[in-house]
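Chemist: This is the structure I have questions about; it appears just below.
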């Protein structure tokens with residue numbers, strides 16, 4: 001047993017190192033590419049030497065915050081998905097099942113509908129208005145799912161999933177009705193948002209998202225041992241002396257907080273929350289104290305890669321990052337599915 | 001652990017007797033409600049026609065009477081399409097959930113709807129003037145493509161839990177194909193065009209389309225009913241089914257063929273009406289218990305009924321404009337679904 005733990009630990013630290021190196025490589029690749037390629041010597045001199053052609057602003061005000069944000073959102077969504085798959089005991093779960101995405105999308109579409117699209121990327125006020133609406137929508141619908149699924153003081157995983165399905169359907173229906181009444185321009189904007197894109201970046205978003213993650217990610221990893229036992233039968237868990245409902249609520253709250261803050265600035269990027277935990281479990285096994293940190297790193301890597309690819313693949317336009325994730329991630333996920341037993 | 005699982009499974013099969021009575025009630029009297037709903041649906045519309053005109057147009061058709069022509073060419077095909085689509089999606093959803101034992105499984109998880117949408121997006125982008133009739137075949141081909149991909153991936157991956165793999169492969173393929181369609185839509189500026197189709201509806205169905213769709217739906221429902229007992233056993237778990245001597249591979253293949261026929265046909269005339277296939281099977285299971293030889297026929301009736309009522313509502317809510325019927329089905333069905341989910345808990 002101890003020997004096994006030691007091998008696990010060695011494997012874990014090796015995988016962490018590999019993923020961190022990969023993330024750093026991606027970071028440098030991402031900062032130099034874009035509509036305008038900036039070679040490394042110029043990046044160096046823009047920050048530390050003479051700033052030729054105002055490149056410091058491009059780098060520092062646009063690229064750098066976007067890169068950092070991509071890594072943060074990736075880690076947050078991925079861990080949220082990992083937690084939810086364990087709580088709901090459903091391998092198909094992603095942050096969408098507790099209504100976070102549907103609620104946020106509905107809220108954003110409602111806002112765009114009433115304020116006629118002036119909201120996107122315009123003015124100082126709107127910087128925080130959109131994420132605020134998205135966050136409120138996400139939290140409200142998650143709370144609604146929780147309250148509706150709660151019965152006799154307990155939230156059975158099956159009932160949670162079913163209630164999530166129902167509320168998702170309702171919010172999506174309402175979103176569709178509103179979208180149909182929009183003019184094509186607003187429609188495309190909201191569709192881009194729903195598909196998931198890091199649609200606006202500045203350091204304020206980075207700081208706010210970072211503040212959420214700094215609290216919630218370590219907490220999730222600290223609670224990993226409770227996630228390990230969630231797949232047992234409920235009487236067994238209670239028999240082990242675990243206050244099941246309390247721990248479940250804490251973990252659910254963590255997952256909702258992570259997904260909510262990420263959805264607010266990143267839009268609907270749920271597929272990442274589905275695949276990243278599966279990839280982590282595929283290479284590391286089911287122990288959450290190891291697989292959750294790896295899930296975070298894998299999520300950060302995938303989202304940064306997808307965002308970079310989305311920026312450069314079609315020169316005239318930006319592909320929503322959620323779409324790139326599906327196009328890049330699905331084939332790899334399918335490969336994993338075929339390979340592992 | 002295994003023993004506990006089996007006893008739980010056995011417990012689930014023995015439903016309370018009132019559920020069986022409810023199932024017979026649905027099967028026996030559902031038809032009456034459907035006929036009433038169809039009559040209402042024909043009568044309602046941009047111009048209301050009286051019931052006597054409806055009656056006359058059906059049995060004493062007069063080609064010179066414009067009301068009769070409207071009923072024959074527009075209203076009746078629309079009502080029949082709503083019945084077919086509702087029944088088809090609900091039955092294929094029941095089969096999917098029974099086979100995969102996953103409450104999140106819906107027909108769209110087999111890659112059928114997203115495959116359809118994908119080829120549709122390509123058609124819109126590269127052949128803008130394409131006729132409606134060829135779109136049906138394109139959509140059917142896309143449905144086949146999506147299902148073939150999912151099936152191929154599941155077949156290639158040996159070992160492990162087949163049902164989980166099927167569901168995971170399905171959601172990966174669905175995500176990939178819909179992402180590609182959205183990308184095409186955004187790149188070629190056709191996302192709004194696609195979205196009308198994406199939202200789904202039976203408002204523009206013509207009688208010529210129905211002759212391809214009705215046989216497919218009937219064949220699909222017959223296959224589904226034929227394998228319904230096997231699906232009940234499969235829904236207890238793959239190991240149990242194998243232990244009881246069931247040829248699970250055959251059941252999977254038959255189930256997939258049924259889902260493909262039903263969903264492909266429904267999607268080709270009505271676009272993506274996601275809600276019916278996901279939620280009607282749950283509602284039916286809550287009402288009639290866990291025996292699929294009751295769930296499958298009952299879900300056909302309930303699905304048809306929900307869709308035709310929703311379609312009537314879609315005509316009236318914002319008249320003379322049509323509201324997307326997928327949205328209306330969700331708005332009607334969700335409260336009921338949530339109530340049942342709360343009362344019955346999570347068993348599948």
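Using the three backbone atoms N, Cα and C, a Cβ is placed for every residue, glycine included.
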Chemist: Quick check on the annotations: TrEMBL lists transmembrane segment for one of A:96-114, A:229-247. Which range is it?
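Modeler: Within the set A:96-114, A:229-247, TrEMBL attaches transmembrane segment to A:96-114.
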Chemist: Checking distant contacts: for the transmembrane segment (A:321-338), what same-chain residues at least six beyond its ends satisfy Cβ-Cβ under 8 A?
Modeler: 70, 195-198, 266-272, 275, 278-279, 282, 302-303, 305-307, 309-310, 313
Chemist: Restricting to CB pairs under 8 Å, which listed stretch, A:64-84, A:96-114, A:255-280, A:292-314, is in contact most with the transmembrane segment (A:202-222)?
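Modeler: Highest pair count goes to A:64-84.
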Chemist: Using Cβ atoms and a strict cutoff of less than 8 Å, what residues sit near the transmembrane segment (A:255-280) while being 6 or more residues removed from its termini?
Modeler: 69, 72-74, 76-85, 87, 91-96, 98, 100-101, 104-105, 130-132, 134-135, 138-139, 142, 192-200, 205, 208-209, 212-213, 216-217, 220, 291-292, 294-295, 298-299, 302-303, 320-322, 325-326, 329-330, 332-333, 336
Chemist: I need to check the long-range neighbours of the transmembrane segment (A:64-84): which residues 6 or more away from its ends have a CB within less than 8 Å of a CB in the stretch?
Modeler: 23, 27, 30-31, 93-95, 97-98, 198, 201-203, 205-206, 209-210, 212-213, 216-217, 220, 227, 251-252, 254-256, 258-259, 261-263, 265-266, 269-270, 272-274, 276-277, 280, 288, 291-292, 295-304, 307, 321
Chemist: Sequence-remote contacts (6 or more beyond its ends) of the transmembrane segment (A:96-114), Cβ cut-off under 8 Å?
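Modeler: Counting only partners 6 or more residues beyond its ends, the transmembrane segment (A:96-114) has Cβ contacts under 8 Å with 84, 88, 90, 120, 129-130, 133-142, 144-146, 160-161, 164-165, 167-168, 171-172, 174-175, 178-179, 181-182, 186, 189-190, 193-194, 252, 255-256, 259-260, 263-264, 268, 270, 273.
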Chemist: Would you kindly list the residues that approach the transmembrane segment (A:292-314) from elsewhere in its chain, counting only those six or more residues past its ends and only Cβ-Cβ distances under 8 Å?
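Modeler: Contacts with the transmembrane segment (A:292-314): 12, 15-16, 19-20, 22-23, 26-27, 29-30, 33-35, 66-67, 70-79, 81-83, 197-198, 217, 220-221, 224, 227, 269, 272-273, 275-277, 279-280, 283-284, 320-321, 323-325, 328-329.
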